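Enquirer: This is the structure, below, for whatever I ask next.
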Amino acid sequence: MGDGGSDTGEDPMLDSLICVAGSSIKKSGFIASHSTDERERRVIFVNAGGEELRRQGHSEIEVEADRFFQGGDVLRTDEEVADGGDLPSIYQSARYGNFCYEFRDLPPGDYSVDLHFAEIVYTNGPRGMRVFNVFIQDEKAVSELDVYSIVGANRALQVMNIPVSAGKDGVVSVNFQGVVGSPTVSGICIKQGAPELQLVSSGRDGKSLLCDNCFAPVKLTAAENKAARMSFTAKYEREIRELKAQCQMKQDECYEAWMSLTAANQELEKVRAELDVKFFQNFTLGQAMEKETEKMAKISSKYEHDRRLWVAAIDELERKMKAIKSEHSQLSFEAHQCANSIPGLNQMVTAVQSLVGQYDDLKMKFNEEQERRKKLYNQLLESKGNIRVFCRCRPLNMEEASSRPQTVVEFTDAKDGDLGVLMNGSNKKIYKFDRVYTPKDDQCDVFEDASPVATSVLDGYNVCIFAYGQTGTGKTFTMEGTEQNRGVNYRTLELLFKIAEDRKKTISYDISVSVLEVYNEQVRDLLASSPPAKRMVVRLEIKQVSEGVNHVPGVVDMKVENVDEVWNILQTGSNARAVGSNNVNGHSSRSHCMICTVVRAKNLVTGECTRSKLWLVDLAGSERLAKTDVQGERLKEAQSINKSLSALGDVISALATKSSHIPYRNSKLTHLLQDSLGGDSKTLMFVQISPSEHDLGETVSSLNFATRVRGVELGPAKKQSDTTEIQKLKLMVRLNNFL
Ligand code: ADP
Ligand code: MG
């Protein structure tokens, strides 16, 4: 046992480099064994980074050139390597860098590996320049080996007997991994068989367990073995304690790491939750953003549209402004011209003012003239008499014409108002009237003469127009007429509207119409809307509301605006008259039909207001009735008719004689007409006659009544009237109705 023994047991630092039990470090080079066994055990010995070496002699050594390596470079030195043993030249070359060795095709079994090192480049150190690990079959065999720090520069070092097993693949791999700098190796020797447990020397006595010459294990005594094992055990127990302490430390570190990991996880969870919230918020915001963007797009498109409209509008305005400006300059130019051309503008104003004054003056004069015209017109009518009588003879009717009757009337001088009546054959009597109408004269001719009287109602006069005569002589025809051939009533109202229209700038008229019937001394309102089925007879009373103004309370007073309304009202009245009677013609001839037109006028210039009435009366038939016919209801009717017609005669008579008492109240007829008979009122009577000789009696009777009426002059001229004439007249009326 010499210095060739392992140093491992002596140096704890070296122990720590060895990771596999059984291996050891030796601070010197390779010493060849003399034993054949040892020689035969060597399977492969490579000179890393160097050539094949052979040493002949008693200990034949065969070292192969460098192979089995992968990667790395070659290092060489010519310097001598101290303690190089039997083969110092293998330490003059080395493989260094990133490399590994892989030995193949080894029979499966146990082997031991020797590694040879020498620091041949960094001769002068320092330590720690090259530190590396060695793995055999992936297991760490040497840890953090720093050759320089163990043996110094250019000195050999061996790590020996690292046990390894080759599996079925027959491979043994040796890996070098640098910790600092690049690893180097000078030689690798693989020997067959696992190394014997090499008990190192106890240290104290420096005894080795290997033979100095052949490195063969030396058999130890039991006590020595025990001591060796104890030392081994102590070494491992120390290592275990250290490892335990390290393990505890690592555990603590692990625990702390785990704790901080848990905390970090919690933090992470929190952050993740926050992230979720943020994500959701972000998503919501994103949606809101999208909506807003959409809105914005809409708004901006609307804005764009509006802007275009405004631009167009502004352009248009600018164009108009230009036009207005040019118009304005044109106008001001014209105004200047005007002002220049009228130097006497003030004079003109004065002239206009004086014209206005003249206009007012003329207006006043016009009103005065109008007033005068009215008066003159009235005087003209008065000059013709306030009561006028027109005689109208109807044509022969079909029946009369077919029976060839004698015509008893003659119209030779009708134009002069003369009517001839043949009495008893040859005796002809002439009657004189204001107008005489032959059967050929039509409604127009009749109205032409009647209209001045009728229309004086518009000048504020009360007017009465009667149709008197035997039944069937044309009273109704004259007053009402037919739709194709309208009579006085309709034509009068038509004319009133026409004149009112003509005068509307100076006078405004309100025209209203009521239609009454007097039958058996009862007044019926023919416009009242009482149900006809009940034959309701509205009995109206007559009241005097003021001097010369009569009024029938409750009577329907229809305001009319045009002639169509008038026609409707007249039709309504006419239809109502027929209702409630078994014999329509009979009834109508035995009652008086009275149309009252009230005219309210306002002079727009003077403000003067008037109210006047126009009565249009279709009287009951004036014929006498045979005594035998007169009984029951007919007697009552006859008495009523007689009463009213004679009362009409009495009133006219009393008016003519300027009697202090005018008996208006003797009949409903005269009572109703009270404010329209007498005074300034105008009266027109149509006396209707038949041409037939059958009616001669009645014709003569009617003509006589009319002649008497015409003879009585109302108004101022009438003062001289003969009262005896009136008495005669009254007598005649009575006779007419009773005989
Ligand atoms: P009264 O009302 O007096 O009883 P009407 O007016 O009813 O008489 O006339 C009787 C008939 O004679 C009617 O058919 C009417 O058309 C006709 N008649 C009356 N006068 C004329 C006339 N002037 N021209 C044509 N027909 C007339
Ligand atoms: Mg009639």
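Each Cβ is built from the backbone N, Cα and C atoms, and glycine gets one as well.
TrEMBL: automatically predicted annotations, no manual curation.
Sequence annotations record features per position, and here TrEMBL assigns coiled coil to 307-379. The domain 'Kinesin motor' feature in TrEMBL is assigned to 386-712. The ATP binding site feature in TrEMBL is assigned to Gly469, Gln470, Thr471, Gly472, Thr473, Gly474, Lys475, Thr476.
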Enquirer: Just checking, which of Gly469, Gly472 (binding-site residues) has the fewest C-beta atoms within 10 Å of its C-beta?
Expert: Gly472
Enquirer: In the predicted model, what is the mean pLDDT computed over the domain 'Kinesin motor' (386-712)?
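Expert: For the domain 'Kinesin motor' (386-712), the model's average pLDDT rounds to 84.
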Enquirer: Would you mind ranking the binding-site residues Gln470, Thr471, Thr473 by how many other Cβ atoms sit within 10 Å of each Cβ and giving me the lowest?
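Expert: If we count Cβ atoms within 10 Å for the binding-site residues Gln470, Thr471, Thr473, the smallest count is at Thr471.
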Enquirer: Using Cβ-Cβ distances, find the residues under 8 Å from Thr476 (ATP binding site) that belong to the same chain and are at least 6 apart in sequence, listing them in sequence order.
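Expert: For Thr476 (ATP binding site), the qualifying residues are Ala467, Gly487, Ser588, Asp618.
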Enquirer: I want the residues beyond Gly469, Gln470, Thr471, Gly472, Thr473, Gly474, Lys475, Thr476 whose C-beta is within 8 angstroms of the mean position of the ATP site's C-beta atoms, in chain order.
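Expert: Nearby residues not in the site list: Arg394, Ala467, Phe477, Ser589, Gly621, Gln688, Ser690.
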Enquirer: Rank the binding-site residues Gly474, Lys475 by the number of other Cβ atoms within 10 Å of each Cβ and report the first-ranked residue.
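Expert: It comes out as Lys475.
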Enquirer: Please state whether DSSP places Thr476 (ATP binding site) in a helix, a strand or coil.
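Expert: DSSP call for Thr476 (ATP binding site): helix.
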